[in-house]
Amino acid sequence: MTQTTHHTPDTARQADPFPVKGMDAVVFAVGNAKQAAHYYSTAFGMQLVAYSGPENGSRETASYVLTNGSARFVLTSVIKPATPWGHFLADHVAEHGDGVVDLAIEVPDARAAHAYAIEHGARSVAEPYELKDEHGTVVLAAIATYGKTRHTLVDRTGYDGPYLPGYVAAAPIVEPPAHRTFQAIDHCVGNVELGRMNEWVGFYNKVMGFTNMKEFVGDDIATEYSALMSKVVADGTLKVKFPINEPALAKKKSQIDEYLEFYGGAGVQHIALNTGDIVETVRTMRAAGVQFLDTPDSYYDTLGEWVGDTRVPVDTLRELKILADRDEDGYLLQIFTKPVQDRPTVFFEIIERHGSMGFGKGNFKALFEAIEREQEKRGNL
């Protein structure tokens, strides 16, 4: 059964107790930020725009800030842990491998957002504080979410620097691609333990005033061997969308079970990146060495019958293994990378939307079977 709740953005904004401007950054804790920055530059077409490290006074960590459109990644490695934050990052990489430590959200008032969140049950991991330099002032605060992930609340209204105070502008690592690869971060998906999905959905409902956008349970989100459940929470403007998955009992180990085992607990499973031209994006990324999940040719034999006309011909979708889905609002095109590190944990989705604000419900079976084939190769099904 699938339940869908549609929003009326204008009404939602008027009553929004926790207004947001959008995703500020996805912050990764990684073993080698310099190499990771090179990978995301060459493989994903991201552009280095800012840096913080020993050369400009940061003795404990090195961080590389990469952007493409409004999508921003921050890749951070510990050089020599000396503070609780440095030890936390080092322990995070040791336990989880490379992974997302922070889904930072831009807000118009970080102090008010933090106060509202704490009043409604969130755990603070950083009280509101200011960072200043010649570019202005940024106000930040942070709250905990599932696993060891946090949400830093960022108010950069009075700031025009390259990222945050303490960072300096940096030149791209490689020649920027001829075409912008991505437009924005579309959504960020979290995996949580069995029986805890509703707990975390309730957390976002209560702490951030987010509402339930979609729900996927039962046959919609199962194969012959594995199953999971998923609910999507979003702010009133739909700028910030967080699907939350949990495993369901089935014959074999699901992709969520595999993630939880190898990540060592709950965390961010994948980041969806919005593109205006998925064909160009996938061709460019494939040429740069990014591996995508495979889709059997049989998927495309009847695709045109139930999806209808799309911007991209079915033959091109078949060639590139891109999935398509249609709902009452329009259609979307999507494809998923394989995990981008040796642990079968974090991966990416590329999505092109044409009216649809869905998540590819019609593709779930094909997608999960593709993931199961990869699990079987790894001996984890």
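A Cβ is built for glycine as well, from the same backbone N, Cα and C atoms used for every other residue.
Residues or ranges marked as Fe cation binding site by Swiss-Prot: His187, His270, Glu349. All chains included, 22 other C-beta atoms sit within 10 angstroms of the C-beta of Glu349 (Fe cation binding site). When secondary structure is read from DSSP and collapsed to three states, Glu349 (Fe cation binding site) falls in the strand class.
Marked as domain 'VOC 1' by Swiss-Prot on the basis of sequence analysis: 22-156. Residue counts for the domain 'VOC 1' (22-156) by DSSP state, with H, G and I taken as helix and E and B as strand, are 38 helix, 63 strand, 34 coil.
Summarising the annotation, Swiss-Prot assigns domain 'VOC 2' to 184-338 and lists sequence analysis as the type of evidence.
Note on His270 (Fe cation binding site): other Cβ atoms within 10 Å of its Cβ, all shown chains, come to 23. The local packing around His187 (Fe cation binding site), expressed as other Cβ atoms within 10 Å of its Cβ over all shown chains, amounts to 21. Confidence in the domain 'VOC 1' (22-156), given as mean pLDDT, stands at 98.
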